[in-house]
Every structure is written in C-alpha cells, then in structure tokens.
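Listed in TrEMBL for this protein:
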| type | residues | note |
| --- | --- | --- |
| DOMAIN | 10-93 | domain 'Phosphoesterase HXTX' |
| ACT_SITE | His43 | active site, proton donor |
| MOTIF | 43-46 | motif 'HXTX 1' |
| DOMAIN | 98-171 | domain 'Phosphoesterase HXTX' |
| ACT_SITE | His128 | active site, proton acceptor |
| MOTIF | 128-131 | motif 'HXTX 2' |
Amino acid sequence: MNFPHYFIAIPLPDSHKQLYAAWQQKLKNKLCYKQWPHPEDLHITLTFLGAVDETKLEALTQIMHDIENIPAFSLETGKLGTFGNPKKPRVLWADVERKRELVRLQEYVEDIALRVGFQPEKRAYNPHITLAKKCSGGNENFSDLKEHYTGQYRFNVKQVVIYRIHPEKNPKYHVTAIYNLAA
C-alpha cells in the first residue's frame, strides 16, 4: 500500500510568500529551472518524514503538542543560493538565518520524529526556502542575478506545521496539523 508523504516545516507569512513569488516571476525567464513551487508551497523544512501510515501520523500529531512549549522567535531570510553543481544546480533557494533557536527547534522536531519511529535525516540541516528545482541547462546569469536578489527580510516564527504532500495538485502541500509556539 502506498502511504502519503509528509514533512514538518515552518510556514512563511504571506508577505514573504509574495516577496519570493515576485522573485520567482522575475527569475523564471532568466534561469534554467523546470519546477517553480507554487507560492503557497514556500516554507522552511524542519524534517522530512516520507511515507506515513495513519497510526504513525496519529502518534506524531499527539506528541507534537510538546512543541507548543518552545518560545516563538524571529528569523531573517535573504540572498539567493544553489545546491549542486554550480553549472547545473539542482535547487535555487533563499537563504535562512541559521539562528540558535531555529537549530534547537529543528533538533527538537527531529527528536519527536525519532521517538515516533521515523528515521533520522542523513544530511546535515541546512535551512532554506526552495524557490526552484531541476535545472535543465546552464545558469550562466546566476552570478550577476544573485546580486540583485538580496536583502534582509525578518519575520516571527510562531507556528510549526505538518504538511501532507499531494504531488498531483498545485499547491502540493496541504496542512495536516498546526502547532503554535509559546508567546
């Protein structure tokens, strides 16, 4: 049986979604990417869970209430970057400040996932906002372009969300549960 896939993330405020959607629109004709996430799908991943059955999802949604004791905090996002080969990068992203509170939150979420029986993430945590995926050719313009897409955009992290992935829909990510951080 195929189970739906889930992940846990920080949702972006509408102001940030609009900002990065505008960046996406301007960059679409200048860069080689095939996939540009819907603005409503923009987020900061804390941990990817993969395929999840109902029993595990129910256990996770209950234990995730522990996160509501963690204080809200502010984060800064900004400049563009890429993952992968510089000539044909896999992912275009917006940088996210690697703040101590964010790292602690991510570690706490991963610990909760481990307690429920999920596998630990193999890669080191690298906070970012994915703006595009799957480069189909060269990104010769990227060095020049990234200088025009910088800034410091601050927002308050007040919630953590469990998202279900619907690959056939757009937007693809749908909220399953919301957890408010302590005020």
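Every residue gets a Cβ built from N, Cα and C, even glycine.
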Spatial neighbours of the motif 'HXTX 1' (43-46) far in sequence, C-beta under 8 Å, 6+ residues away: 7-12, 75, 96, 102, 105-106, 109-110, 127-129, 160-161, 163, 173
Remote residues contacting the motif 'HXTX 2' (128-131) - C-beta distance under 8 A, at least 6 residues beyond either end: 12, 16, 20, 23-24, 27, 36-37, 42-44, 77, 80-81, 91-96
Pairwise CA distance, His43 (active site, proton donor) versus His128 (active site, proton acceptor), rounded so that it is a whole Å: 8
Spatial neighbours, same chain, of the residue listed as 'active site, proton acceptor' - Cβ under 8 Å, 6+ residues apart: Ile44, Gly81, Val91, Trp93, Ala94, Asp95, Val96
PLDDT averaged over every residue in the domain 'Phosphoesterase HXTX' (98-171): 88
The residue listed as 'active site, proton donor' CB neighbourhood, other CB atoms within 10 A: 20
Structural state census, the domain 'Phosphoesterase HXTX' (98-171) (DSSP three-state): 22 helix, 20 strand, 32 coil
